[in-house]
Every structure is written in C-alpha cells, then in structure tokens.
Amino acid sequence: MKRLIFVIITGLLLNCSNNHSQKKEAWDVIARQEMVQTQIISRGIKDQNVISALLKVKRHKFVPKKYEKLAYIDGPLPIGEDQTISQPYIVALMTEKLELKSGDRVLEIGTGSGYQAAILSLIVQEVYTIEILPKLAETAKKRLKALGYNNVYVKCGDGFLGWPEKAPFDAIIITCATPEIPAPLIEQLADSGRLILPQGEETQTLTLYRKIGKNLKKEELIPVLFVPMKGIIREEH
Ligand code: SAH
C-alpha cells in the first residue's frame, strides 16, 4: 500500500514538472503559430516552405533580450547599432518571391540579426550572408552557429562587392535600401536567377528582378522602408 501511494505521488509530481516545462516552452510556439496565421497566411503568403520556416525559426533568439517578448509582433524591432530586424511579413514576402528550390545557393546582403538568413537556410542548400558592421556580423555568426544553422556562411564586409568566390547565386536578397543594384551583384546572379531589394532612398519599393541572359526583367511590388545601404554605394552618389 505504502509503495502504491509512493508511486502515485511520484507520478503526480513528475507529471506536474513535465507540464510546467511544457508550459515554459510553449509561449513562443503559440506566438509563432499566431504570427503565421494573422500576419503571414492572412496576407496571402502560400509557399509551404516559407510558412514552415517561419513556424520553426525562434525569432525571439534573434532580438536583444529586452525585446524577446515582443519578437512576434507585426513590425520591425531594433537590434542595436541603429539597425533593425525586418517585419515578419516582409521577410516572408521577400523569401516567397525568390521562388526558392532546395538545391539553391542564396546570397544575402545585410545579415543584421541573422533571422532572414536562418529562414532561408531551412529552404535552400547554402546561404551566404554579408554584414558591413563588424559587431552585428560577429553576433549573428555566433548566434547562427549556436542555433545549429550550419549551412549559413557569414562574412563581414561591404555587400556591394558580393562574394565573387562563391558565385553564381540562384537568388540574391538585399535587405538594405539602395537606389541601384550594385553591378557586381548582377554579375554574380546566375542565369534565370532572382534578385529582390528595397529600391530607392527616402521612398522605396520592394522590387524583384529576374535575370534572363544579359537582361533583367523588373517587377515592382509594394512600398517598404528599410535602413539604407552603407559603404561604397554612398561614395558613388
Ligand atoms: N536581414 C536582417 C535585417 C537587415 S537590416 C535580419 O534578418 O535581421 C540591414 C542590415 O544591412 C544592417 O545590419 C546593416 O548594417 C547592413 N548593411 C548596410 N549596408 C551594408 C553593406 N554595404 N553591406 C552589407 N551589409 C550592409
């Protein structure tokens, strides 16, 4: 009898502690499901790979601790150094528009927190990402490694120049605003490759290009607001 009571009490205690740890785990899972439903699917994102990546990547691990609980809101957030992590919907839209395939190799300009790179890494084979600010590049590199995103390669440098040693890329995503596409990036885009960027300065339009032979086919999407591209591009204007 004593033994039976012991077993029941132990069982109850174990069950309690399990429930407790499940509850602790669950807030971000629920927050991501809600984010995907209300901000992503409801606005027309259909690509299942994009949806599943947004459900998986723990966005709260990509923002400063004080913003952790705000990580799933419908907007951008500061990540230090006067830079921001983009709104989840914009991340989803840019990713979907690139029409990615599992074997693709993608170049990102503007690593920032590393969130967009993590999303891409779940969809394609390899992600190369360049960040101009050393502090952000270092933090993103460590973060992506700690979270197990092993197919993302982070480099600190001016994205204007691209990553010629790793070209050609099936897709290029620029996550800082520039009036023109830097010429080296056009060169490093594979034939039939897609490139998306916030194009402009004070007013910007999310713009998608498709490379067909030597030509670029242009499609303007929606107005957006990104931080400006720094570095060489400024010297040219
Ligand atoms: N994709 C990021 C958000 C990008 S914010 C994320 O998922 O968090 C834009 C980033 O572009 C900033 O971190 C900024 O420092 C970087 N940036 C600006 N000019 C750049 C350049 N010439 N080359 C590489 N990165 C640049």
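Backbone N, Cα and C atoms are what each Cβ position is placed from, and that goes for glycine too.
Sequence annotations record features per position, and here TrEMBL assigns active site to S86. Neighbour density for S86 (active site): within 10 A of its CB lie 24 other CB atoms from the protein chains shown. DSSP gives S86 (active site) a coil state; it is part of no helix or strand.
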